[in-house]
Each structure stands twice: as C-alpha cells, then as structure tokens.
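The block underneath contains the structure these notes are about, expressed in structure tokens.
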Amino acid sequence: MSIIKNNFEKMNITKIKNSKNNKKLTVITAYDALFAKLFEEIADMILVGDSLNMSFAGRPDTLSATLEQMIYHTNAVCNGAKNAFVIIDMPFGTYINKDEALKNCVEVYRQTNANAVKIEGGEDKADIIKHLTSNAVAVMGHIGLMPQYVRSEGGYKVRGKTKEDEEQLIRDAIAVEKAGAFSIVVEGVKSDVAKKITQAVNIPIIGIGAGVDTDGQVLVWSDMLGFFEEFKPKFVRHYLDGAELVKEAVNQYRNDVQDKSFPSKEEEY
C-alpha cells in the first residue's frame, strides 16, 4: 500500500484549535529520532509520552519517569522530526504546585524544541494550568483515566460509568479549557460520555479508549504497530504484527550468519 502524502504543513495552536468540527486529528507517540522522522509528515502531532517509561524502559507504570528522561527523549524526537508539532508529557511530581510547574516547564522550553506540554488533571489542576498558560506555556490537558494516578486509584479503571462521574468529567474538561489549554486528551472513558465531553468544550478532544466521536485519536506507537506482546488493551488496533516481523527478520539474519550466506561477495569491500 502506497503512502499518500499531503502537502505537509506544520501544525500550530491556531490550526489545532480550528480543527474542531473540521478535521479529525491524528496523534502518535515517539521516543526517538528514527520513529519521529517516520511519523512527522503523517501524524498531526507527536507526543513524547511518559508511556516511554513502560514501553521503552520496561517499567511497570509511568510514575518513575523523570524530567531529565523526558527532556532527553524529547530532544531526540525534535532532532528527528524538525517540523513536527511535539508535545512532552510532564512526568509525575513535576507540577505539584504553580511555581514548581512553571519552573519545570520553563526548563523544558529552554532545553528542547517542544511546542507544548501535557498535564494530567481536571478541576484540581486548573489553577496550575492557568498559571502556565498565563506565562506563555502551551498546555494540553489530560482527563479521564490518568496513568499517573494508577497507584492511588488501585489500577487502570474506565471512567464515566456513573452519572456523578460523567458530570465530574464534563466539569474537568470545562475547567481545563477555561484555564487556557488548547486541547485535551480524554482516556479510558465510556464512548457516550466522551461524546458529551467533546460537545461541551470548544477545543479539540483527543481520545484514547474513548470512542469514535472525539475530535481525534492518540495511540502509543508500539501498541499500534504490534510490538508490545504482553498485553493488548481493548481500544488498541494492531496495524502491523511488528514483534513477529522483527523476530522473523532477526532469525533470518542469524541463519544467514550461521550458514555463511551473509555477508555475500556483493556486501564485502
């Protein structure tokens, strides 16, 4: 299947906001220059997610990701995808109050070419988000199932199952929008509730495990390409059996080495 490239035009905050009700946004994670370069002219935005702590570093959750780690990977992504709109997840513990949040976001802006930061939290984080946006930091919000809360909430739990939770999620989205966020990730939320959230605000809602009626979708690249074999969330679609293809290729390489068919005369100096 050939890849049809449209005339590539880098996204910015205005274009992202204007996509509401006009264009479905495609967001994908990346953690290094190689994959970022592959994705940059296809996806609308690249997220350097703290999910790298799991899929890249092999940790059980995202909580031990550090700011230094996120800055390192964001620089790698920006080096590989110089024209992409890049968002960095602010890791757990880096935005516990207004001053700490601003200090760490300024450090991100100084050390990387990231276009925006992403912060988990709703009404409880609205004051912090407002402080950041008032000081020229572009913020993407994140509500619903929030991976940085996994230990305090006892696991990954789908949100929006009760009327009370539905109303809280809508309040969260409205509060984050009023605080100045340009977009919000809504994760692990019942699809009918995610649709109501999308309709309740004027900024794009990017869904992950939140149904088809959001303004766009985000997936972790290793999930989407079938590299993570241990577990497949219900909301993930494998567009490639990446793990099997890689193992087959490496196995063939090993066989070629053992039977001396690699390198060939054509591959020698």
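Placed from the backbone N, Cα and C atoms, the Cβ positions cover glycine too.
Among the features that Swiss-Prot reports, Mg(2+) binding site is placed at D50, D89, E120. The Cβ neighbour count for D89 (Mg(2+) binding site), using a 10 Å radius and every protein chain shown, is 28.
For D50, S51, D89, K118, the entry in Swiss-Prot reads 3-methyl-2-oxobutanoate binding site. All protein chains considered, the CB of K118 (3-methyl-2-oxobutanoate binding site) has 23 other CB atoms within 10 Å.
Annotation comment: Swiss-Prot describes E187 as active site, proton acceptor. Listed in sequence order, the residues of the same chain lying 6 or more apart from E187 (active site, proton acceptor) and placing their CB within less than 8 Å of its CB are H142, I143, G144, L145, M146, P147, G207, I208, G209, A210.
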Other than D50, D89, E120 themselves, what residues in this chain have Cβ atoms within 8 Å of the centroid of the Mg(2+) site's Cβ atoms?
G49, S51, T62, A65, M90, P91, F92, K118, I119, H142, P147, Q148
Restricting to the same chain and to sequence separations of six or more, state which residues have a Cβ under 8 Å from that of D50 (Mg(2+) binding site).
T62, A65, M70, D89, P91, F92, P147, Q148
